[in-house]
Amino acid sequence: MSKLSFRARALDASKPLPVFRCEDLPDLHEYASINRAVPQMPTGMEKEEESEHHLQRAISAQQVYGEKRDNMVIPVPEAESNIAYYESIYPGEFKMPKQLIHIQPFSLDAEQPDYDLDSEDEVFVNKLKKKMDICPLQFEEMIDRLEKGSGQQPVSLQEAKLLLKEDDELIREVYEYWIKKRKNCRGPSLIPSVKQEKRDGSSTNDPYVAFRRRTEKMQTRKNRKNDEASYEKMLKLRRDLSRAVTILEMIKRREKSKRELLHLTLEIMEKRYNLGDYNGEIMSEVMAQRQPMKPTYAIPIIPITNSSQFKHQEAMDVKEFKVNKQDKADLIRPKRKYEKKPKVLPSSAAATPQQTSPAALPVFNAKDLNQYDFPSSDEEPLSQVLSGSSEAEEDNDPDGPFAFRRKAGCQYYAPHLDQTGNWPWTSPKDGGLGDVRYRYCLTTLTVPQRCIGFARRRVGRGGRVLLDRAHSDYDSVFHHLDLEMLSSPQHSPVNQFANTSETNTSDKSFSKDLSQILVNIKSCRWRHFRPRTPSLHDSDNDELSCRKLYRSINRTGTAQPGTQTCSTSTQSKSSSGSAHFAFTAEQYQQHQQQLALMQKQQLAQIQQQQANSNSSTNTSQNLASNQQKSGFRLNIQGLERTLQGFVSKTLDSASAQFAASALVTSEQLMGFKMKDDVVLGIGVNGVLPASGVYKGLHLSSTTPTALVHTSPSTAGSALLQPSNITQTSSSHSALSHQVTAANSATTQVLIGNNIRLTVPSSVATVNSIAPINARHIPRTLSAVPSSALKLAAAANCQVSKVPSSSSVDSVPRENHESEKPALNNIADNTVAMEVT
């Protein structure tokens, strides 16, 4: 203490402190005389502040040690007492509460708003409380968000609705009050701010900065891993807590909406009671006039009942929505253990319409929500229904990973076991289409020989023919059918089958069913298909083999009286061998040569007829008739032997196209005439033209009015009969009573390969042309394309012209050559033919 001057040193904890006894201490007045030579430090204040009254008093009081304690002054601001204002704020009677304010030590402090409510705001909040539910803290939070969300320019009302998660009416009231108060405020913001240090370093020496940033220090050690783990745990905890807060907020909004709905329902019931609307008529009228509102979520509703996973359309009018917990859980937790599906009840119980229970209301996908997933309290029973199949069930399923599983968002209907059908091949009475293309036929295989039941053919990959089999109740009967009996003729089928059934089984009912099936098959009530291979006959080298167009059931019929029959020349073989032929290269070449020779002879005959037409009418008619008869009969004699064993058929679609392509026009025949050498193998569409009726030839008659005459008896349809070509007199016996002596000459031409048409040049002949056109079976013509029939009619179905006393230009027709209409029906000059 002897040194009068010393400098301030930092305290050293290791240095021992001196110990003084009481008698060694100097007196108090001696301390004042000690001059402590401490350098004067700058105060950091301005000169005006240093001379401030309170500051100078505090400095002087600190320097005065010898004065008494009463003279020492602590500088405090001067206070004014207002007792009336104090008593208005604090009540006079104070009672000690039973429990003081208790704060948990480790609780999270809620973030308090920076805006403080003033007196003007308190008046506004008390006034707004009467209309809406609001508290002072909620008002402070709303103003704080509006202030922090807007900078120099205040936010708009739409932006305020995005910032504030409140009702629109409350947001509008608070926003208008805030805008009004902000305009009256002179400062930039309603929240007072403390001056802080600027980041650019310009306020380093500013003494009015209240809070300064800490000096950045170099970090000498790394962060530990446990700090990162703790931080991640805190983030997870914050997320979980925020999710809980969001759930509570949503529950609060839901309960508030329920309360408003209850008030509205009560109000509606009171209005209906006052109006006397006890039966709901007024209510239904109002609902009909109301415009339909679009749903909030345009997602399909999935109705699910507790008793079944299926639902019908009767219970689809449900108007409430719920959140699908399953979809949100799948997004957050990709791996979850699926619960086992509840067992599906039988379809009989599922097919009955059931009322929707409150716990089975439809659900919707809530992926559009920006909040966390929030399950409803009454949605737990649906979790089992919506959950997928378990892993054990996948292992037990025979389909494995390809097993059928219900997909969320899809609606499934219960199957109807009482309706077995809806297939295209079933009859319309069973709910099908009855389409012929999908029909099944009784099918027999050759290797091994057995009947496989009902099947249908279709072409697979590579042109392979596949058989689709169909199950029926008679499959056990079909497998026991005798193949030899199916191919045998239809005489005493029951007796033949009785012997077979005795060897197979002794059941009488089985025998009866099988015999009835055999009768149906042989009577063509059931279609039977059996694959066959064509056989080659080389017994006669001079005969020409011919190829059948289609193997189908032979149909025979009789022509009705009053119609003229167009017959084919066929001969039946005496041998019992099969009637299947195939072409060889030599036979095909001989056949082409004969056809070309026939065409050349027909050209010569036509030119001879035209040359002799200028002479007398009767002589030309007889001469042309005799020449045609002799010429055609001579040429057909070589073809009669090739047609043995064939049965005539009516014209179908493929036969009509083949016949149309095999016939030629008059222009083509005239082109053949101009050539000196006949070129073999020339035809239309790759097929050699056969002999036929030529275009440009006309009929003549003595009575023009007879052209449109048609007998009613000839309207019926008839099948064409095969007959010998030499029996021409018998084929025209039905028309012989109509031909007069003057016009008895007939014209015979060959249509196709082996079809002969005999046309008398008389009035009766003209009368019989229309029945020829209408004589086809309607079922056969319906399957023929109109284009093929038009082509055959326009090119080849006109007969030769024979002059007479009164000539007519043409056969009754619609002048198809001039108008060229759409080929959508059968022409009047189409002649029915038979193709074998």
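All residue numbers here begin at 1 and follow the chain in the order shown.
Yeah, the Cβs are placed from backbone N, Cα and C, and that goes for glycine too.
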SUMO2 cross-link per Swiss-Prot (candidates: Lys98, Lys165, Lys180, Lys673): Lys673
Where Swiss-Prot places phosphoserine when the choices are Ser376, Ser539, Ser700: Ser539
Candidate set Lys130, Lys233, Lys319, Lys695, annotation SUMO2 cross-link, source Swiss-Prot, matching residue: Lys319
Segment assigned the feature region 'Disordered' in Swiss-Prot (from 186-213, 606-633, 802-829): 802-829
